[in-house]
Structures are given as structure tokens and as C-alpha cells.
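Novice: According to Swiss-Prot:
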COMPBIAS  13-34  compositional bias 'Basic residues'
CROSSLNK  Lys121  ubiquitin cross-link
CARBOHYD  Ser113  O-linked glycosylation site
MOD_RES   Lys6  N6-acetyllysine
MOD_RES   Lys13  N6-acetyllysine
MOD_RES   Ser15  phosphoserine
MOD_RES   Lys16  N6-acetyllysine
MOD_RES   Lys21  N6-acetyllysine
REGION    1-35  region 'Disordered'
Amino acid sequence: MPEPAKSAPAPKKGSKKAVTKTQKKGDKKRKRARKESYSIYVYKVLKQVHPDTGISSKAMSIMNSFVNDIFERIAGEASRLAHYNKRSTITSREIQTAVRLLLPGELAKHAVSEGTKAVTKYTSSK
């Protein structure tokens, strides 16, 4: 039985700034490739929760892997749900159901309420 195709949409991510190398006469500027990560967002949340606490680069790397993993799981599950219901669009409803299926008990409840709050804030700002 063929497995449903997994969608991997590229989320908008912010991270380290591009660094330019020193320029010689006649040379064109070469920019270093951007490494996308969730590090600035993880850092912002850390400062909201614990303003006096820092984070090591190794811990940040672990957090980045964690966020990427959870994103892929939720996106995959939401894609499957849309496919089962013969829909071609992943809506907030599929995301919410995917979160309920993937996260355990109280964690799912909190995630759903925070997600609902974020969607409400977004739609009211439009």
C-alpha cells in the first residue's frame, strides 16, 4: 500500500544575518549562505519566561532540532488528515486536530488554546 506523500512546506524562518567577505578590486561581492533556524524566536521566548537566563549554542541547536521535528510531525499529520477528507488545503482545523493527535493530554489543551489565541489575534489585525 503506497504511503501518502508528505508535504514539507518551507516555513518563514529568521536567523543569522548574511556576512560579506572582504572585497578586492574587480571582485564581485560574495555572501555567505544563510542558515535558517528558529534560534531568534527561541531566544525571544526564553527572555519572556526567564529574562535573566541565557542559553548555550548546543542547547539552542537542540531546541532548533526539536522545533523542526514537531513542525514536521504536525505538518505531516495535517497533510494526512486533509488527504483522508479529500481536501487540498490544510486549514487551522487540520492543524488543531493534528496537535490533538500528536501531543499528550494537558499539553495538547494548552497548545490548542494558544494556537486559537494566535489565530484570533492574526485575523483581528487584518
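Using N, Cα and C of the backbone, Cβ positions are placed for all residues, glycine too.
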Novice: Is it possible to get the count of other C-beta atoms within 10 angstroms of the C-beta of the residue listed as 'O-linked glycosylation site'?
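Specialist: There are 10 such Cβ atoms around the residue listed as 'O-linked glycosylation site'.
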Novice: Whole-number Å distance between the CA of Lys121 (ubiquitin cross-link) and the CA of the residue listed as 'O-linked glycosylation site'?
Specialist: 12
Novice: Could you check what DSSP calls Lys121 (ubiquitin cross-link) once collapsed to helix, strand or coil?
Specialist: helix
